[in-house]
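Novice: What Swiss-Prot records for this protein is below:
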| type | residues | note |
| --- | --- | --- |
| BINDING | H81, H83, H251, D326 | Zn(2+) binding site |
| BINDING | H81, H83, H251, D326 | Fe(3+) binding site |
| BINDING | R90, Y153, H186, E254, S331 | 4-imidazolone-5-propanoate binding site |
| BINDING | Y153, N328, G330 | N-formimidoyl-L-glutamate binding site |
Amino acid sequence: MVADVLLTHFNQLFCLNDPGHPLTGQEMKKATIVEDGYIAIKDGLIVALGSGEPDAELVGPQTIMRSYKGKIATPGIIDCHTHLVYGGSREHEFAKKLAGVSYLDILAQGGGILSTVRATRSASFDNLYQKSKRLLDYMLLHGVTTVEAKSGYGLDWETEKRQLDVVAALEKDHPIDLVSTFMAAHAIPEEYKGNPKAYLDVIIKDMLPVVKEENLAEFCDIFCEKNVFTADESRYLLSKAKEMGFKLRIHADEIASIGGVDVAAELSAVSAEHLMMITNDDIAKLIGAGVIGNLLPATTFSLMEDTYAPARKMIDAGMAITLSTDSNPGSCPTANMQFVMQLGCFMLRLTPIEVLNAVTINAAYSVNRQERVGSLTVGKEADIAIFDAPNIDYPFYFFATNLIHQVYKKGQLTVDRGRIL
């Protein structure tokens, strides 16, 4: 077979054999590091991988050849938890955070999510599209090729649908692949304050059926937290969403442990998000139910909290984990997955291999894209992040710098030395 593109002489390729399930426990610690590696691409797919000189049959007169001495290649990074589409920003809350005002106190004062809801409701489709596109561009420049994007800053049908429509438009227009999550249950809207059940009924009866019919989202999510939605309320919504055919995610155990993990395990959610306050018993429940733990260390960093999710304990117990940005305008205003990956080492005490497995193959399982992306594997799409680094450890050791040299998306050179092509 003659390749369309042949990438050669990488110092290292980060490869693994996808075992057919998210990596857990000792599997998280393993990878195949190919020295002097090459990747052959045809029709957007990886058709060969190896070490040394590629087979002569891969090279034809039209084959594009590129050498990457001094560079490493990983699968394209996957950010599987973002609140991508929103209006406004919340830097005016930063001084309050520095003064020690808590996230929930800011929310109670009408700030936080509700502040962004007001800004998003007043934002046009074009405003939201352009703002979200800029964030996606930034992510792409940092090696991200697939992104999960939630609604949740509308809390009414008109605005929630506008957010989902923006995600759908960007999925068509932008190189990054987007996976849509419907999260109208991100907070209790002011017009339903004191009556969250009535709001959930509106979501179930009026919103979810349309989202499903128009294929606007693949997943449904809810914020199960003190002063937001209870475990029973979360169970009520997610069970109805599951009946309609949605895959499930749940924000749980971020600030307090109030039963969100039980809901995730009972309903076989694909992932439970945050988990800073998770208990040993709850870790066992998620393992038993096969729920992926999606950890968001940049949120803990941004909130200036001391308690990070117990990633080391989770992995050692046999749990599958991922890492994501939680990109949003309030509790985590960043879109930099390289920073999150570095926090995975510095604050969660994971190894570079564990982090790379978390943000590639496990993240692919978290967004139901494991058949297409998540590993440098023959037959999968050629989503490749190329780092200006001599080895796999270097992008973690040399932190706070964008080390992306190039990005390939479906076999196309998409980012070249800081420019989107």
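Including glycine, each Cβ sits where the backbone N, Cα and C put it.
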Novice: When you put G330 (N-formimidoyl-L-glutamate binding site) at the centre and draw a 10 Å sphere around its Cα, which of the binding-site residues R90, H251, E254 have their Cα inside it?
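Specialist: If one measures from the Cα of G330 (N-formimidoyl-L-glutamate binding site), the binding-site residues that come within 10 Å are R90.
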Novice: Please list, in sequence order, every residue of the chain apart from Y153, N328, G330 whose Cβ lies within 8 Å of the Cβ centroid of the N-formimidoyl-L-glutamate site.
Specialist: H83, Y86, R90, G112, I113, T116, G152, P329, S331
Novice: Other than its own, how many Cβ atoms are within 10 Å of the Cβ belonging to H83 (Zn(2+) binding site)?
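Specialist: There are 25 of them.
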Novice: Check the Cα-Cα distances from S331 (4-imidazolone-5-propanoate binding site) to the binding-site residues H81, H83, H251 and tell me which is shortest.
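Specialist: For S331 (4-imidazolone-5-propanoate binding site), the closest Cα among H81, H83, H251 is found at H83.
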Novice: What are the sequence-distant neighbours of D326 (Zn(2+) binding site), meaning same chain, six or more residues apart, C-beta distance under 8 angstroms?
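Specialist: Listed in sequence order, they are H81, T82, H83, E273, H274, L296, A298, T299, C332.
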Novice: Between R90, H186, H251, which of the binding-site residues has the fewest other CB atoms within 10 angstroms in the structure shown?
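Specialist: Sparsest of the binding-site residues R90, H186, H251 by Cβ contacts within 10 Å: R90.
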Novice: Counting Cβ neighbours within 10 Å across all chains shown, tell me which of the binding-site residues E254, S331 comes out on top.
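Specialist: Checking each of E254, S331, the winner is E254.
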Novice: Given the binding-site residues R90, Y153, N328, which lie within 10 A of H251 (Zn(2+) binding site) by CA-CA distance?
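Specialist: None, since no candidate lies within 10 Å.
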Novice: Beyond H81, H83, H251, D326, what residues of that chain have CB atoms within 8 A of the centre of the Fe(3+) site's CB atoms?
Specialist: T82, K150, E273, H274, L296, T299, S324, S327, N328, C332
Novice: Within its own chain, what residues at least 6 apart in sequence put their Cβ under 8 Å from the Cβ of Y153 (4-imidazolone-5-propanoate binding site), listed in sequence order?
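Specialist: The answer is H83, V85, Y86, G87, I113, T116, V117, A119, T120, T159, Q163, H186.
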Novice: Counting every protein chain present, what is the number of Cβ atoms, excluding its own, within 10 Å of the Cβ of N328 (N-formimidoyl-L-glutamate binding site)?
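Specialist: Taking all protein chains shown, N328 (N-formimidoyl-L-glutamate binding site) has 25 Cβ neighbours within 10 Å.
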Novice: Rounded to a whole number, how many Å is the Cα of E254 (4-imidazolone-5-propanoate binding site) away from the Cα of N328 (N-formimidoyl-L-glutamate binding site)?
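Specialist: Counting only the Cα atoms, the answer is 15 Å.
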Novice: Round to a whole number and give the Cα-to-Cα distance in Å for the pair R90 (4-imidazolone-5-propanoate binding site) and N328 (N-formimidoyl-L-glutamate binding site).
Specialist: 10
Novice: Run through the Cβ atoms and count how many others sit within 10 Å of the one on G330 (N-formimidoyl-L-glutamate binding site).
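Specialist: Other Cβ atoms found within 10 Å: 26.
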